[in-house]
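Below: one structure, written as structure tokens.
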């Protein structure tokens, strides 16, 4: 239904600004497209017979084993990164690093797996890498502990800023992962490699 403004915009749709950069419009279009295809989280299967309807994964011993294997490796990587990362103002920068790297990789993984049909190999990859490895790599429990430790030392503003910034940047990192994977997919479709 069009409004009475003399244009063809639906009622409630904001007027597009001429000063809005074209790159922003492209990213906005990409975001809207990817939202419709992306599973809500890595624990959900997408029923391909009823497009886009999420159904819960049936828990099977094999799935638990795959998540355990990925989780063990993710925990080791997180532990190693937090050991070698420098500490700044009583904050371990390794915690922030894993909480930004994990969402980026999870966004890229889910975007990559959202194209095509669901197979047992894709499901296994999503469980091992998404649920197991990346779930264990990221550590919001350690983030909460860091916030409390910094606040108890009297630096409440730093603690709150650190917590809010990590969560906001984690959301941005997820979106950047989705965007990067979608862009890579478009590039791969346009320029398929020719075997020699």
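Glycine is treated like the rest: Cβ placed from N, Cα and C.
Any TrEMBL annotation is an automated prediction that lacks curation.
Since the structure is predicted, the reported quantities are computational estimates derived from the model, not experimental observations.
Your range for transmembrane segment, going by TrEMBL and the list 41-62, 63-84, is 63-84. Given the ranges 13-31, 127-145, the record in TrEMBL names 127-145 as transmembrane segment. Highest Cβ contact count with the transmembrane segment (127-145) among the listed stretches 63-84, 96-115, 157-182 falls to 63-84 (criterion: pairs under 8 Å).
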